[in-house]
């Protein structure tokens, strides 16, 4: 009996420690999912290359992530679902096609992509455990994001999406 209490105590501590943010990390809330992410590191990497990436965007009149299909209008119950979709989108579509002739920029992109890959894995686990259901609102918003992306050639769409990363980061940090 004492062993089961000890196990329960140790298990609880492990779960608590896992949710504690490490230096520079922030716990983000996406519906039922709560995950720790180094926003400072990602923002610093993005800030270092933002002007370079946005200068490569030939189409300034279109946005992949913004109005009228703004992420900021997603209700809190759909945040888990759309966040899961967006991390898959950035890892599977965007970062794969963001290559430049500048090795410094490529290293920063790679670092951000690695952070997103780590976050994607955490979100997949949480998404499965919490069985985040996708409402019609999040499904429609994500379909519009994909349509905006697929309406451009792959390289332009990837660079534009990367150039809009601050929109996604702002939305992620916004309290539900």
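Cβ coordinates are placed from backbone N, Cα and C, and glycine is handled just like the others.
Sequence annotations record features per position, and here TrEMBL assigns disulfide bond to 33-126, 80-132, 81-134. Taken from TrEMBL, the feature signal peptide covers 1-24.
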Protein Cβ atoms within 10 Å of residue 80 (disulfide bond), excluding its own:
25
Among the disulfide-bonded residues 33, 132, 134, which residue has its Cβ surrounded by the fewest other Cβ atoms within 10 Å?
134
